[in-house]
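According to Swiss-Prot, the feature topological domain 'Cytoplasmic' maps to 1-6, 86-97, 197-249, 305-323, 389-392, 458-473. If you look up Swiss-Prot, you'll see 7-27, 65-85, 98-118, 131-151, 152-172, 176-196, 250-270, 284-304, 324-344, 368-388, 393-413, 437-457 marked as transmembrane segment. Positions annotated as topological domain 'Extracellular' by Swiss-Prot: 28-64, 119-130, 271-283, 345-367, 414-436.
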Amino acid sequence: MAQLEGYYFSAALSCTFLVSCLLFSAFSRALREPYMDEIFHLPQAQRYCEGHFSLSQWDPMITTLPGLYLVSIGVIKPAIWIFGWSEHVVCSIGMLRFVNLLFSVGNFYLLYLLFCKVQPRNKAASSIQRVLSTLTLAVFPTLYFFNFLYYTEAGSMFFTLFAYLMCLYGNHKTSAFLGFCGFMFRQTNIIWAVFCAGNVIAQKLTEAWKTELQKKEDRLPPIKGPFAEFRKILQFLLAYSMSFKNLSMLLLLTWPYILLGFLFCAFVVVNGGIVIGDRSSHEACLHFPQLFYFFSFTLFFSFPHLLSPSKIKTFLSLVWKRRILFFVVTLVSVFLVWKFTYAHKYLLADNRHYTFYVWKRVFQRYETVKYLLVPAYIFAGWSIADSLKSKSIFWNLMFFICLFTVIVPQKLLEFRYFILPYVIYRLNIPLPPTSRLICELSCYAVVNFITFFIFLNKTFQWPNSQDIQRFMW
C-alpha cells in the first residue's frame, strides 16, 4: 500500500466507522428490544452465551446454522476475563449487535484487498479509485443497513469475501475452510465456495484457451456459422476435459473445495434438505424471474456504470442487428415470467419490507407490468454482461451459473438475497472513473439517509399488536 493510498484508506475507514458508531448509537436507543428476525437470533445467541448448547435449546424457527452465535461468543466472551464485565452485560442485545459492526470493519478491509487483487495496479487505476470503490461498496445500502441489526449478513459477507481473497492468492485450503465458515452463517454460501473453485478452473481454462488461440495451426477444424465461436469453445472444453493431465491438475488444485462439497452433500442427506428448522416457509422452487429482479436491482444500484445514452444506443443497435435472437430471448423471458412467477406468503403479508410495496403497488396492481418490463430486464442483463467483458468467457460462465443457482431456487423476493452476488459482480467490473464513483457514492449516501430516517422515525403499529413496527429492506 503506497503511503498516500494508505492515508486515503485510513481516512475512509475511520470516517465510515465513526458514522457507523453514531448510527449504532441511534439504533440502540430506538430499538431496546429484538426486532424482526432478531427475535429468533438474539435469544439463541444469549442461550449460547450462557453455555446452553444442547439441541433441546435450539429454536426450531431458526433456519440457518449457528455460525453467527458461535463467532459472537468467541468475540465477546473474552470481555468477561479482560474487563471483568458481567455475563449480563456481555450477552446484552447491544453487545451482540456490536459484533456485526466489527464484521463491517473487516468487510471494509477485505473489500479494499480484493479491489487491489482483482483490479491490477496500473496508471489507469489510481489509488483514489480503489479507495472510493471500497468505500462505496462498504456503504452499499442493503448491506450497510444490516450492520446494525443482529442478522447473518455482515458475518456471511466477511467469510465469503475472505474465502474469495484467499482463493485469488492461491491459498485454497484456507479458502475452503473460510467457505465452510460462511456456510455456517448461511447454507447457500456453499455456492460461493463453489464459485471459488470455479474461479480456479476458469483461470486454467483461460490460460489453455489463450494458448490454443496463439497456435499457428489450430488443431480444431474451422467452424463457420452464427454460433461459430460458441461451438469452437464447446469443442475446446470437450477436448480439454478428455485430457487426464488437465483433469488431474484441476483435481489437485480444487480438492479442498471438493472435500467441502462432499461435506455439504453429507449434511443435506443427514438433515434431509438444505434448510434446518422450520422449512414450511423456505421451499425451493424454480423461480426464474428472480434473475430478472436481480438484473433490475443491479441496474438500479449500479446505474452510473450500466446506464448511459451510449449504452442504450449500443444495445438498440445490437437488437436491430440480431432481432431474431432478441425476439426469441424476449419470447422465452415472457414465458418464464408467465409460468414461473411466485408470490411468497411473506411478500404478500409483511408490510414492513419495501418489497411488499413494490409488489403490491406495481406487480399486483397491474397484471401486464411484469410482461412490459421484459425488455428492461433484457437490457439490464445485457448491460451487466457487457460490463464484465473484461473477464474471460469461462469466468463469466462460472459467475452466472453460481448466480442462477443461488437465487433462482428462492421463492421469496427479498433484497438481502442479492447482496453477495451484487458485491461479487461489483468487485469484478473495471474500476470506473472517479466522477462515476462519486456519483454512485452520493446516491448510496442519499438512499442510506432515507432508509435510516424512515426506519428510526416513521414507525407504525398493527391493529392487533402494540409492538412498534418499522420499514426496512
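Every residue gets a Cβ built from N, Cα and C, even glycine.
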Under 8 Å Cβ-Cβ from the topological domain 'Cytoplasmic' (458-473), and at least six residues away from its ends along the same chain, one finds 35-36, 141-142, 145-146, 352-354, 415-416, 451
Across the topological domain 'Extracellular' (345-367), DSSP yields 15 helix, 1 strand, 7 coil
In contact by Cβ distance (the transmembrane segment (176-196), the transmembrane segment (250-270); 3 or more pairs under 8 Å): yes
Counting Cβ pairs closer than 8 Å to the transmembrane segment (393-413), the top stretch among 65-85, 98-118, 131-151, 152-172, 284-304 is 284-304
Checklist line | Criterion met for the transmembrane segment (7-27) and the transmembrane segment (368-388) (at least three Cβ pairs under 8 Å) | finding: no
Sequence-distant residues near the transmembrane segment (98-118) by C-beta distance (under 8 Å, 6 or more away from its ends) are 1, 9, 12-13, 16-17, 20-21, 24, 71-72, 75-76, 130-131, 133-135, 137-138, 143-144, 146-151, 153-155, 157-158, 161-162, 164-165, 168-169, 423, 427-428, 431
For the transmembrane segment (176-196), out of 65-85, 368-388, 437-457, most C-beta pairs under 8 A are with 65-85
Residues outside the transmembrane segment (152-172) whose C-beta sits under 8 Å from one of its C-beta atoms, at least 6 past its ends, are 41, 64, 67-68, 71, 99-101, 103-104, 106-107, 110-111, 113-114, 117-118, 143, 146, 178-179, 181-182, 185-186, 189, 192-193, 195-196, 199-200, 253-254, 256-257, 416, 419-420, 423-424
